Amino acid sequence: MLQQAPRPADAPAGPAARGTRALALAGIAVVSFAALLALAWMSVATLMLIFAGALLGVFLDGLTRGLGHLLPLPRGLRLTIASLAVAAAALGFIAFGGATIAQQGRDLGQTIRQQSGTVTGWLKAHGVDLPLLNALEGHDAPDQGGSHPDSSDQGSGQNPDKTGSDKTGSDKGGSDKAEPKAGAREDAARGQKSGGLGGLASGVLGSPSSLLSDAGSVLGPAATVIFGLFDALGNALVIVFLGAAFAADPGSYRDGILRFVPPRHRPRGAKVLDGMGETLRHWLFGQLITMTVIFLCVWGGLWLLGIGGSLILGLQAGLLAFVPTIGPLVAGLVIVLASLASGWSALLGAIGVYLAVQTLESYGLTPFIQKRALDIPPATIFAGQLLLGVLFGLWGIALALPLLAVIKVLLEQLYVEETLGEEAD
């Protein structure tokens, strides 16, 4: 009987074995990709927080590079000078204008609530109902509704004891109804995690809603303000730390990313990373110039018209210019509501000032400054903003333009040039 000779260990595998191995690798890749998507979805706010820190790092790195053309100093010293200059400018603005901004902010909130009530009444009289204005108008509704708690008891001839028992029963029923809502919040807390220190606390404590509920029962409404302030300051510190770390040694992070790229693709990967950094630097400095011009023009125009709160109105218009499409609309709505208290002539003047500023921004500043950095049609920006808002929430709306800039570089470098072999515009 003939016996088959054993196959050498280094002999190539047959077609069936190669197909099985390829199928297994494809399955592992699909599962890994799905796991990464799930992880990104669960920690989307944290990823946006890291991206915001990277933007700050790009800004500080750009200032450091700019100082290098003026001062022949080591990079570390130039970065220190740039960081101290930014911190001094921010602290100086807060020190000299903080009290005015805070007072104008309080006055602006009261004015908007009053004028939104006027606008809501006029719209309801004409058959139009806007939930946003209703929410602004009814912000203090519980206090107004509960200002005379004894009027119903005095008007009705009910027995006080019976009334007290009814109130006790209603309180019990209300507490029974509140317990499922708290449980629902705890169940929701086990799903998508928030970013920053809130996400860290969620991961460590397991159920932060119970902690906040207990703190709220002890501290009352102040607990919400305290924890909200803690979360905001914590996120700001995270962004500042990440920005400083990225700007201190950007080359190490660039080289670290390239180590995960196959050697034959590393030149293309380096070009992609350098292109993203250059695009973000040009866009960010151009956007800061645009925001500053809008702030100064709106502030000066409203101040000349004699509209109260012109500083805070100009500041919010400049800050909201960072958010494309939606930001200017919100800023314009706030200016219109705030100027209603000064009369129709002031309202028309404020609308004229803001339209003139937006025309300058749309047809003068943005095409001239941002042409090199981010040349994307407005409809594409708005569509991308809607998509990113659905995927990433408020972070996606606020960071839509820099995210689109990164996506644009990736498509041009990896698809247009690498795959299609064409020259990118």
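Backbone N, Cα and C atoms are what each Cβ position is placed from, and that goes for glycine too.
Positions annotated as compositional bias 'Basic and acidic residues' by TrEMBL: 163-190.
Summarising the annotation, TrEMBL assigns region 'Disordered' to 136-195.
The transmembrane segment feature in TrEMBL is assigned to 23-56 (among others).
Annotation comment: TrEMBL describes 76-96 (among others) as transmembrane segment.
Residues or ranges marked as transmembrane segment in TrEMBL: 225-248 (among others).
Within its own chain, the transmembrane segment (283-305) has Cβ neighbours under 8 Å at 55, 58-59, 62, 311, 313-315, 317-319, 321-322, 335, 339, 342, 346, 349-350, 353-354, 356-357, 360-361, 365-366, 369-370, 373-374, 401-402, 405, counting only residues six or more beyond its boundaries. If you look up TrEMBL, you'll see 283-305 (among others) marked as transmembrane segment.
Sequence annotations record features per position, and here TrEMBL assigns transmembrane segment to 317-338 (among others).
Marked as transmembrane segment by TrEMBL: 344-365 (among others). Within its own chain, the transmembrane segment (344-365) has Cβ neighbours under 8 Å at 289-290, 293-294, 297-298, 301-302, 305-307, 317, 321, 328, 331-332, 335-336, 338, counting only residues six or more beyond its boundaries.
Long-range contacts of the transmembrane segment (386-411) within the same chain: residues 44-45, 48-49, 51-52, 55, 195, 272, 275-276, 279-280, 283-284, 287, 322-324, 326, 373-374, 376, 380, each at least 6 residues beyond the stretch ends and with a Cβ under 8 Å from a Cβ of the stretch. Look at TrEMBL and you will find 386-411 (among others) tagged as transmembrane segment.
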